[in-house]
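> From TrEMBL, here are the annotated features:
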- Lys256: ATP binding site (BINDING)
- 1-44: compositional bias 'Basic and acidic residues' (COMPBIAS)
- 56-72: compositional bias 'Basic and acidic residues' (COMPBIAS)
- 528-537: compositional bias 'Basic residues' (COMPBIAS)
- 96-213: domain 'SH2' (DOMAIN)
- 225-490: domain 'Protein kinase' (DOMAIN)
- 1-72: region 'Disordered' (REGION)
- 500-537: region 'Disordered' (REGION)
Amino acid sequence: MDPDDFKSKEKPTMEQDNDPRSTRPSDLDKTVTEDTEMERKLGEEPPTVCPSTKSIHKDSKKEDEGKGKEAERAQEVSVYAYKYDNEDKVLRSFDFFHGYLPREDLPYLLRVDGDFILRISEVAPTNESPTAYSMKLRSKIQWDIILSCAVLQAADFQNAETTRVRNIIVRRKSGQYYLELNRVFDGISELIDFYKTQQGKFSNFTFLLKNGIKLQHWEFMHSAVVLKNILGEGAFGEVRRGTLRYQKKVIAVAVKLTKGAGELSKAKIREMMKEARLMRNFRHTNVVRIYGVAVDEEPLYIILEFVKGGALNTYLQKHPEVDITERIGMCHGAARGLAYLHSKNCIHRDIAARNCLYSNSKVVKLSDFGLSRMGSQYKLTTHCKLPIKWLAPETITTLYFTHKTDAYSYGVMCFEVFSNGAEPWGGVTNTETKKNVCNGKFLRIPENCPESVRAFIHDRLFVRDPEKRPTMKEVAAMFESVTERKSLFIIDKENIAEVSSKDRKKTSLIMETSPRVKPSKRQDSHDRHRRKRSMFS
């Protein structure tokens, strides 16, 4: 998003707070949870190996003794580093390896007691001052290996058993691997095979590996994706054009890539995967399709439908000659897409022409779900950037988002459509915009828009009371009825020409004050009749 900062506070989603299957550090044994300080380490440092020769006398100089230990440590680093270098190949050989899949996706995969996967997490920095030995070894180890499995919970008051996901760090020690200190294995395969037949025990739970969960239909290997030219930059990183091997075909896709390192990278991964998780629920002509994610290595990919036309605002700026019928079609398509999202109980929260894509077949597709949330209402509680000039008045004053705030933002998007992609409130600061909107002064749709459509947006969408705004299903129905009429819009060609910079500024500054004086029934009937005649004469 490009608008200035709007300071607010954003709380965690209800899904994360209330999901009984999610893993919380406070609930886990500190020997197994991946979020404790202990698990931020790679594991115990290999112990010092005693010299094999007995020729070192007690009275040898300390410096000679130090040299001997240093040489043996160097040899250990070489041996263990070689073994850890091959971890990647070993992990990829398992059909239940899911790469950097974050824990928030686990409840969707691990549902039955004994379900399990292997995944990895980027090594977090440690607060300890590292030795030269640990630095050399750490440089060869780029991730923590995590065994995630579903285990039975204790019976509740209704005597019903439920499952819960547990995350156990696979520890490394002297080139070996272990989960429990008294059970050490030469390889990861041996460790997995053992716990398929023998129960593992920790202080607050036991586990047995029964069913390795394979990659889902929305999970791809990086090798299935070929990246091409850069399409643009997003909040998470680059967006590139590419191809995907999908269902025995090669299809064109757009690929979002993560950027950053360490904790920054982890945060971006969580946000990207949250967006992908939400988009997996949607399938509609007017919503950009997600094919899936590639998380087996970094950077992570979100793989999306490729729309050749590009962003709607850019298209409008490049093609001011677009006729009114096509512009009405743009508004209609966006309304249908947003009505679909609302039917799925999703609030988009960032409806704007820049977040719509326009295909070569003239279909508008809603995209960019980075701010979207599931539910009928959402309140911010943390600082973040927001698109001030697209926000509804109640969002500015109360920090709440609803389906009706989406409807208001949609009205602003319609202004963009009929202004050739011009920024709303051009020449007005964000501070002034907030003041205007909160005082009931709204944008005025340009006169190249049919009068009936202009009246609908002004009277129904640009109002302070959200309850008076129509649902997006009603908005889509209105545009449906307009497009079905044969005698469409007879408007001077001059009105379709590009809006000059002066006109744009004037258009942005022409306000309406709400609430309006309610007209008499006779006057209202006369106005409707006049608008209808002017539209179809």
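Along the chain as shown, residues are numbered 1 onward.
Backbone N, Cα and C atoms are what each Cβ position is placed from, and that goes for glycine too.
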> By the DSSP assignment reduced to helix, strand and coil, which category contains Lys256 (ATP binding site)?
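The residue in question, Lys256 (ATP binding site), is strand (DSSP, three-state).
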> Around the C-beta of Lys256 (ATP binding site), how many further C-beta atoms are within 10 angstroms, looking at every protein chain?
25
> Along the domain 'Protein kinase' (225-490), what average pLDDT does this model show?
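Mean pLDDT, the domain 'Protein kinase' (225-490): 92.
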